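Right, one structure below, let's go through it.
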Amino acid sequence: MKYSRIVVMGPPGCGKGTQSSLISEKYEIPHVSSGDIIREEMKKSSKEATVIREMVNSGRLAPDEIVNELVLKKIRSMSKYILDGYPRRIEQAGMLGDDVDLVIFIDVDEDTCISRICGRNEGRDDDDEEVGRKRCMVYNKETAPVLEFYKRHGKLLTINGCASPGTVFEEIRRSIE
C-alpha cells in the first residue's frame, strides 16, 4: 500500500471505527481513534474531563485545544497510522499539516447513520436518536470545509459507506492498493 498516514472521516455512525480497524489489521498500521482517546479522557476526574463530558453528552464537539493536544501527542511519534474521527474542523486539519497522505471519506446518509447509532448497543451516552441527529447536524456544519480542504489538496477519497462493512472495506482496499 502506498499510504502510511491515513485519516478516515465520515458522519457519526458511518463506520469509521470499523473500517479503520479493518485497514489497520490488513496493512498492520496502528489505529488511532480520536473518539476512543476522548472517551478515555472522559473517565478521568479532571476539569478537562468534566468539560468534555458535558459537551459530548449534549451532542457537541469537545474543545479543540483539548482534542488537539490529546490526538497530536498520540500520533506525533508515529510514522504510520490510521486516524479516525479527527480532524473535524478546518483548524484541526491545519494542526495536522502535511502529516496526512490520504483522507478516506465514508459517505453515508443521515437516516442510515441514526439507525446505526441507535442500533449499536455499545452503551455510549451519545447513542440515542436526539443526540445522534444533533451530532450529524454539527458534523455537517463543522466538517464540510475539512472535506473541501483535503479535496483541494488532492488527498480525498470518497467511499459509499451504505453497503455492508465487508463490501465497503473491499472498495477501500481496491482504491488504496
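Just so it is clear, glycine is given a Cβ too, placed from its N, Cα and C backbone atoms.
Pulled from Swiss-Prot:
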{"type": "BINDING", "residues": "GLY13, CYS14, GLY15, LYS16, GLY17, THR18, ARG120", "note": "ATP binding site"}
{"type": "BINDING", "residues": "SER34, ARG39, ARG60, LEU61, ALA62, GLY85, TYR86, PRO87, ARG88, GLN92, ARG124, ARG135", "note": "AMP binding site"}
{"type": "REGION", "residues": "33-62", "note": "region 'NMP'"}
{"type": "REGION", "residues": "119-127", "note": "region 'LID'"}
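Positions of the features from Swiss-Prot, shown on the structure.
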{"residue": "GLY13", "record": "ATP binding site", "DSSP (3 states)": "coil"}
{"residue": "THR18", "record": "ATP binding site", "DSSP (3 states)": "helix"}
{"residue": "SER34", "record": "AMP binding site", "DSSP (3 states)": "helix"}
{"residue": "ARG60", "record": "AMP binding site", "DSSP (3 states)": "coil"}
{"residue": "TYR86", "record": "AMP binding site", "DSSP (3 states)": "coil"}
Query raised in the report: Looking only at LYS16, ARG60, ARG88, the binding-site residues on record, which one has the least crowded Cβ, with the fewest other Cβ atoms within 10 Å?
Result: ARG60
**Report entry** Cβ neighbour count within 10 Å of ALA62 (AMP binding site)
**Finding:** 23
Query raised in the report: Tell me, which binding-site residues from SER34, TYR86, ARG88 are within 10 Å of CYS14 (ATP binding site) if we use the C-alpha atoms?
Result: none
Query raised in the report: Which entry in the list of binding-site residues, GLY13, GLY15, GLY17, has its Cβ near the fewest other Cβ atoms, using 10 Å as the limit?
Result: GLY17
Query - Residue among the binding-site residues THR18, SER34 whose Cβ has the most other Cβ atoms within 10 Å - result: SER34
Requested in this report: Using C-alpha positions only, work out which of the binding-site residues GLY13, GLY15, LYS16, GLY17, THR18 is nearest to ARG60 (AMP binding site).
Outcome: GLY13
Report summary line: Whole-Å Cα distance, LYS16 (ATP binding site) to TYR86 (AMP binding site), is 11
